[in-house]
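What Swiss-Prot says about this protein:
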BINDING   Gly47, Ser48, Gln49, Gly50, Thr51, Gly52, Lys53, Thr54  ATP binding site
Amino acid sequence: MMSWADKYRPKNIDDVILNSEIRKQITEWIESWKEGIPKKRSLILYGSQGTGKTTTAYAIAGTFGVPVVEMNASDQRNRDSMRGTALMASLYGDLFVESAKRPSKVILIDEADNMFERGGDTGGIYELSKIIKNSANPIVITMNDIFEFRKKNYASDVISASLTIEMKQYGRKLDKNYNEFRRNIKARLIFILKNEGYTLPDQVVDRIIDRNMPDIRSMINDLEASAVSGTNISDQSSRDVPEIVYYMVDKAFKRNYDDTLRSIYGSDIDDSYYVSWIDENLPLKTVDLQDLVSAYEVISYADHILWAMERRRHYELMAFPMEIAGGVAYYIENMKHEYVKYQSPSYISQMSKTKEKRHAMMSLALKIGLLIHMGAQRTSEDLWFYSLLYQHNEKLRTFFEEKLNLTQGEENVLTRSE
């Protein structure tokens, strides 16, 4: 059972809700590839979250009729691979085949403004500029803050080689673009309702739009929740996440899978958060040990898919972990039917208690990483070693204190103090 947001995701650029000026620029860029390799081989889409940058990139690929090869620039493994043009070529085959008659793929560089935040680490941006210069395939680069990206070395080379479009659908409310954008959104929502066999009052649809503007995916999620459940989601002043997930967990344990799926698709709850809630409350709902073992096997499978999504970037698996975890009640033969007060995942309260310490560890890793020209992730793995040196080598301790401007929390990490 696919969510409405996924079911009605734009397949090509004509399906994307854009103002006329943005649509014209993107369409002209797509058309320029039909005449050979254009001067501007890459397209930069920038703007706040929820404005459809990534959706537009996939719609562009759909218009070309080719797949997307996605690299998330904020991911450390992909940042490192960006440094080597030869490695990119080996990974993506005909990326540099100038003789290609038409594009064979769209290269998506997502969240490029998060690329190489460490000072002086600009090799990847330089390599990206070379890739743009030589690519035989369209490249779409998304970023939230182009002005922050401009400050990085070689960023100007990337920007000058690209067509740059701000994904801002309107300047202010009630201007021409705002009215056009709103009309198009409302028409799309009404079309979805009609296609799914539901109706909602006009004022409810209007409130859903106003509540989520300009995030279309959230609008469709609220539309589905309101239509299917018969409740007016738009009347809620804010999404009370603990209350919503409590309701969703209760649905999962009542063995009505259709209701469970509706609660999942009608929410913005993160997959891992939902799975964690189910996992935490299994002992409260099971009587027999064997039932608990069977239920944990289901959660283990959902957890494995979460790992594949987060570590291997298999985002096509999104929603599967929730769908799997949501069916766990069918593996519990003897379930407690009396009232149970569901518990928030224990790791969340533990994370809250250790928040300051974790923040100190990360800031210390960043400082040491800058000093020794190493990534924060790798440095954080070696903090135990720097802690030993700090405690037993007076010269290094003095050096760290002079160079790192340590906070009390960072010093506590190095001295292993609580």
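Going from the start of the chain as shown, residues are counted 1 onward.
Backbone N, Cα and C define each Cβ position, glycine as well.
Long-range C-beta contacts of Ser48 (ATP binding site), restricted to its own chain and to partners at least six residues apart, with a cutoff below 8 Å, comprise Asn144.
Here the binding-site residues are Gly47, Gly50, Gly52; the one with the fewest Cβ atoms within 10 Å of its Cβ is Gly50. Non-local neighbourhood of Lys53 (ATP binding site): Leu45, Tyr46, Gly47, Thr142, Met167, each in the same chain, at least six residues away, with C-beta under 8 Å from its C-beta. The number of other CB atoms found within 10 A of the CB of Thr51 (ATP binding site), across every protein chain shown, is 21. Counting Cβ atoms from all protein chains shown, Gln49 (ATP binding site) has 8 others lying within 10 Å of its own Cβ. Those same-chain residues not listed among Gly47, Ser48, Gln49, Gly50, Thr51, Gly52, Lys53, Thr54 yet with C-beta within 8 angstroms of the centroid of the ATP site C-beta atoms are Thr142, Asn144, Met167.
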